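To start, the structure itself, in structure tokens.
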Amino acid sequence: MATGRGSRYLLTIGRWRRSFGIAPQFRALAALVPGVSHVDNKSDFLGKRPHRRHPGILQLSCVRLPQALAEAGQLLLLGSAMPNMEKQVQALTNYLWSRHLPVEPEELQRRAVLLEKKILENADSCQTEKHHEEILHALRRTTYHWQELSYSEGLSLVYMAARLDGGFAAVSRAFHEIQARLPEFQPQTLMDFGSGTGSVTWAAHSTWGQSLREYMCVDSSAAMLELAEKLLKGGSGSGMPCVPGVFFRQFLPVSPKVQFDVVVAAFSLSELPSKADRTDVVQTLWRKTGHFLVLIENGTKAGHSLLMDARDLVLNGKEKSPLDPRPGFVFAPCPHELPCPQLTASKPLACSFSQAYYPIPFSWNKKPKEEKFSLVILARGSPEKANRWPRITQPVLKRPRHVHCHLCCPDGHMQHAVITARRHGRDLYRCARVSSWGDLLPVITPLELPPSAQDAQDAPES
């Protein structure tokens, strides 16, 4: 039974439930309405714009590569005359998606100790050398063999065909969030670590246009840098670049004296050989950050876990740069700085998002695709100024007269909210119904309500 204060969390579906015959276990789930209350109208958007354009809407429509970039990519691929390009693209795509992080020495040692204990329990203790061979064989069989990718001219072209469009879509979605929530922010400088084909530069230029006057692209592969420069120049080594002010380097500048308004590492941290290397790079990138640090990886458990490590490293960093002592906070996607509830759940899930895009037009690339990715955007300054609305972390389920939303909330918990017009008001119901996976839901939680409003909400319905 619901008691007193808890009664406000109950929802009666009534005639809908009787007509459709919901199973008892699903009735209990549908009756739960976690801590969502009324629509947050501090920005006074109600009455000025339709609900489908509420300020939490952040999803982009299907992303398309800039025409100059798509044509340059086509020209380079047609001129390469590489055999079986479609098969090579598919093989590299599958490999990059299924790739794991390298196993750390400490974890390898822990596995060896467990294997040794298991083998010794069931074997003759005199055969020490044989036991060592068994342990090594078992480790080789069960341990992921991570290898560093070395991008030659040919592999760089395959990577471009496989990842240019999807990478552009993911980065465009991240930049769109910054622009939509802070339209007054006009960055002038950008640094891209692990720049690859230069998709970050193109996405930034598409988002902020002429406000950006300097792009620093850093990649250890000379072949990748050469390819990125050709793409900027229409597919040739000569000519004027389509995006001015782009500079290329093979090594990450470590001096904290020069900062960039936006620093990006897209699908790059997972290419580093160890956790120590990732720690050093993230700390350097944060020192180089003037306003926003954007980190993007595959939407897998490995990618999400890696990003949460980087997030915690920045938030818990003891060292403060004397040149920029401003603290960091999470701008997106988390509405809090607490441990990720997706990772601490009994069955951990990757916090990921999806962006539709049109691929480079080739015979095997005709239909729109979806890029599934994880991201974290860290910002310098005070989190009090940030919007702390709950984030929708799964596709919204629209049902007759109610909507299911899975939310990551400002208190650091996941909530499954069932929103109805009767219980939560027409405005919040309409906002929830037009929202999508990845959007923010503009709500005031019960804890944020003034005492008079809370008392009214606690009162039983007649």
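Residue numbering: from 1, along the chain as shown.
Placed from the backbone N, Cα and C atoms, the Cβ positions cover glycine too.
What you are looking at is a predicted structure, and each value in this text was computed from that prediction instead of being measured.
In the three-state DSSP assignment, the secondary structure recorded for C334 ([4Fe-4S] cluster binding site) is coil. Annotation source Swiss-Prot lists [4Fe-4S] cluster binding site at C334, C340, C351, C408.
The feature transit peptide is assigned by Swiss-Prot to 1-31.
In sequence order, P333, H336, P341, Q342, R391, T393 are the residues of the same chain, not among C334, C340, C351, C408, whose CB sits within 8 A of the CB centroid for the [4Fe-4S] cluster site. The most densely surrounded of the binding-site residues C334, C340, C351, C408 is C351 (count of other Cβ atoms within 10 A of its Cβ).
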